[in-house]
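Only one structure is covered here, and it is reproduced in the block below.
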Amino acid sequence: MGGDNKTFSSDFTLTGLFTQNAASGFLFSIICVIFFMAMIANGVMIFLIHIYPHLHTPMYFLLSHLSFIDMMYISTIVPKMLVDYLVGKGTISFIACTAQYFLYMGFVGAEFFLLGLMAYDRYVAICNPLRYPVLMSHRVCWVILASSWFGGALDSFLLTPITMSLPFCSSQKINHFFCEAPTMLRLACGDKAAYEMIMYICCVVMLLIPFSVVIASYAQILITVHQMKSAEGKKKAFATCSSHIMVVVLFYRAALYTYMLPQPYHTPIKDKVFSAFYTILTPLLNPLIYSLRNTDVTGAFKGVLARCQGVPGVSREGF
């Protein structure tokens, strides 16, 4: 193709999530509420885990970093989208689009790996409880965390140059609310088969590695739970794993559609809906699922509320 119909540096136009109708203002308000609630809920989760000693365990250590990742990647997308709606235009420069793409892929990739490795923590807690302090030592927790960030960074450094080095067509309109990989590929000109194959392989590997850890861990957990004779033990094991399973299903389901379903099955509307689910709703649902279904977290939260209200006799432990 000639140089007239491709570019590497022009601004893009994001169509956004809001349509120009009466419901757009209501949708804007809803997303504003979700964003601020997600930031507050994840911030509270990190705060509680930090100040309460009985939450200083490997599971909560990893959970606090999951909350941090949620805060980071929702912040790379939603504020820009909300500001675009307020100012009435959705332009984004090539550099800003590249930066958003890079950060988003890094944070989401880190969450993929962290959720997968958190399944290993649940496996050890249920299948090898006596060896839990050794198998999930402080050093192992940091190795898990470092591995998650390394996987996310590798995702960004591999996919960002591949995608953003493509020649984009003269139409710079991105039919999405942020610079997401499949949408950017559809905007590119020329023969994209090789690029699409490389991206597909990278995404499959990045998704299947943590997903395989989840499947293997929970297969062993199910076998162990099935062999338990105590009904109370089975109930406790289920309660321990149910929150993590819910978060994994919510996050992975939408991500698998976005990155593993072949392009012919994608439509702009479906892409926006699934992307909104795991980039906007999931960061809010994660802390709510873990807090509402966890007596340790709810107890810590009630303790903070009681102290704020000046209730006498509340323990100062953890402050």
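The backbone N, Cα and C atoms fix where each Cβ goes, and this holds for glycine too.
TrEMBL annotations: computationally assigned, not manually curated.
Under the heading transmembrane segment, TrEMBL lists 26-48 (among others). Sequence-distant contacts of the transmembrane segment (26-48), counting only residues of its own chain at least 6 positions beyond either end whose CB sits under 8 Å from a CB of the stretch, comprise 17-18, 55, 63-64, 67-68, 70-71, 74-75, 78-79, 81-82, 85, 280-281, 283-284, 286-288, 290-291, 297, 300-301, 304.
What TrEMBL lists as domain 'G-protein coupled receptors family 1 profile' is 41-290.
Taken from TrEMBL, the feature transmembrane segment applies to 60-81 (among others).
Annotation source TrEMBL lists transmembrane segment at 101-120 (among others).
What TrEMBL records for 140-159 (among others) is transmembrane segment.
Taken from TrEMBL, the feature transmembrane segment applies to 197-225 (among others). Only residues 6 or more beyond the boundaries of the transmembrane segment (197-225), in the same chain, are considered here, and those with a CB under 8 A from a CB of the stretch are 109, 112-113, 115-117, 119-120, 122-123, 126-127, 151, 155, 158-159, 162-163, 181, 185, 233-234, 237-238, 241, 245, 248, 252, 255-256, 259-260.
Taken from TrEMBL, the feature transmembrane segment applies to 237-261 (among others).
Sequence annotations record features per position, and here TrEMBL assigns transmembrane segment to 273-292 (among others).
Long-range Cβ contacts of the transmembrane segment (237-261) within its own chain (Cβ-Cβ under 8 Å, at least 6 residues beyond either end) map to 108, 111-112, 115, 118-119, 122, 125-126, 180-182, 200, 203-204, 207, 211, 214, 218, 221, 224-225, 228, 270-271, 274-275, 277-278, 282, 285-286, 289-290, 293-294. Non-local neighbours of the transmembrane segment (60-81) in the same chain are 14, 16-17, 31, 35, 38-39, 42-43, 45-46, 49-50, 92, 100, 103-104, 107-108, 110-111, 114-115, 117-118, 121, 141, 144-145, 148, 177-178, 279-280, 282-283, 286-287, 290, 296; each lies 6+ residues outside the stretch with a CB under 8 Å from one of its CB atoms.
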